[in-house]
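Visitor: Marked as substrate binding site by Swiss-Prot: D20, L21, N22, R35, H58, Q59, G60, R61, R115, R155. What Swiss-Prot records for E330, G356, G357, D358, T359 is ATP binding site, and it gives sequence analysis as the kind of evidence.
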Amino acid sequence: MTFQTLDDLDDGQRVLVRLDLNSPVEDGTVQDNRRFDRHAETVSELVDRGFEVAVLAHQGRPGRDDFVSLAQHAEILADHIDHDVDFVDETYGPQAIHDIADLDGGDVLVLENTRMCDDELPEEDPEVKSQTEFVQTLKDEFDAYINDAYSAAHRSHASLVGFPLVMDAYAGRVMETEYEANTAIAEKEFDGQVTMVVGGTKATDVIDVMTHLDEKVDDFLLGGIAGELFLRAAGYPVGYDIDDANLYDEQWEENSEKIESMLEDHRDQITLAVDLAYEDDGDRAEQAVDDIEEKSVSYLDVGSETVMEYSPVIRDSEAVFVKGALGMFEDERFSVGTAGVLEAIADTDCFSVVGGGDTSRAIEMYGMEEDEFGHVSIAGGAYIRALTGAELVGVEVLQR
């Protein structure tokens, strides 16, 4: 790790802090989640050390229902740090500049959604982003820039990559811990068995992860939609798209050759589900994959026998990495797979990193604690890229 951290920053300065507070929004209401918990550590430390703090963050994308103001985020953050947090409905307009100038030591000000700025979203080179009006207007108002948004570090957006080229830049505590944990699989050497639980909805993510880690990982335990696509490649009639959802057929057409090739080349490393769960008259029902005769049911989870097969593999591992959920865990009926493997990991002393998609949410939903795992990542896309060894531009600019 070659970037500067908060340990290298003198107390009491005025700092611009990029967080990732992007959250689920239901009926216009921002939902509290673990990202606020995590980033509260960084913000609370800055407050305690007398910094004047202005926060940058994004929410949703233009045109979507979750594209809302950060006013609610400021209130939620205040609850998490048990400290007053102000909000201004501009990102770098005259009122924002005025409120920034009025900051005193220990004050926290949340600026408006960065994605409401025209300069923010286009993916462009960091050098281009550093010259935008957004960056050039704010850079002289602060002593330093802190990026704590590891989960957005794969995006070349102005608030993430522009400021480090024109200001002293540091990594926040979330950036620091996520980077160390999520690069461990690429850098750490293990003497014993390394297992990866791979689920989720995107076949391309699974293919990329397995391709890059086939020499590091001894066993891939598959589930989710991606796992069903591998079952289809093995000859099972699964992957039924309900209500024209196009979760399976489109991905199969795009990735079938890669999946079939991977299954053929690495069959001894890949463990597939032996049974699957579906809804039957409102209840959970399970079926052995060997008994499936036609593609006519939408499967929503791996079955209990699969969890029983996966659990001993996990218990015998020195290290376990998790990418994505094994089923539709938000519905308790179909949480058996995801909750089952997470409980198996929690019951061991292995080195573990859990991340990807909503997996961290499953830990909270089913009564587990984060400290039962080595590290629980709040990152999605950045986690996948870290696993595959891809460069994270938001990290790279901090290391310059």
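The chain as shown is numbered from 1 upward.
Just so it is clear, glycine is given a Cβ too, placed from its N, Cα and C backbone atoms.
Map these features onto the structure and tell me what's around them.
Guide: Non-local neighbourhood of N22 (substrate binding site): R35, A57, H58, Q59, G60, S151, A152, each in the same chain, at least six residues away, with C-beta under 8 Å from its C-beta.
In the shown protein chains, 13 other C-beta atoms lie within 10 A of the C-beta of E330 (ATP binding site).
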Visitor: Hey, how far is D20 (substrate binding site) from E330 (ATP binding site), Cα to Cα, in Å?
Guide: 23
Visitor: As a test of the contact definition, list every same-chain residue at least 6 positions from R115 (substrate binding site) whose Cβ is closer than 8 Å to its Cβ.
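Guide: For R115 (substrate binding site), the qualifying residues are H58, Q59, G60, R61, P62, F67, L121.
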Visitor: In the structure shown, which of the binding-site residues D20, D358 has the fewest other Cβ atoms within 10 Å?
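Guide: Comparing Cβ neighbour counts within 10 Å for the binding-site residues D20, D358 gives D358.
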Visitor: Show which residues of the chain containing T359 (ATP binding site), separated from it by at least 6 in sequence, have their CB under 8 Å from its CB.
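Guide: Once residues fewer than 6 apart are set aside, T359 (ATP binding site) is near V322, K323, G324, A325, T338, L342.
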Visitor: Test of understanding: give the count of other CB atoms lying within 10 angstroms of the CB of G60 (substrate binding site).
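Guide: The answer is 17 other Cβ atoms.
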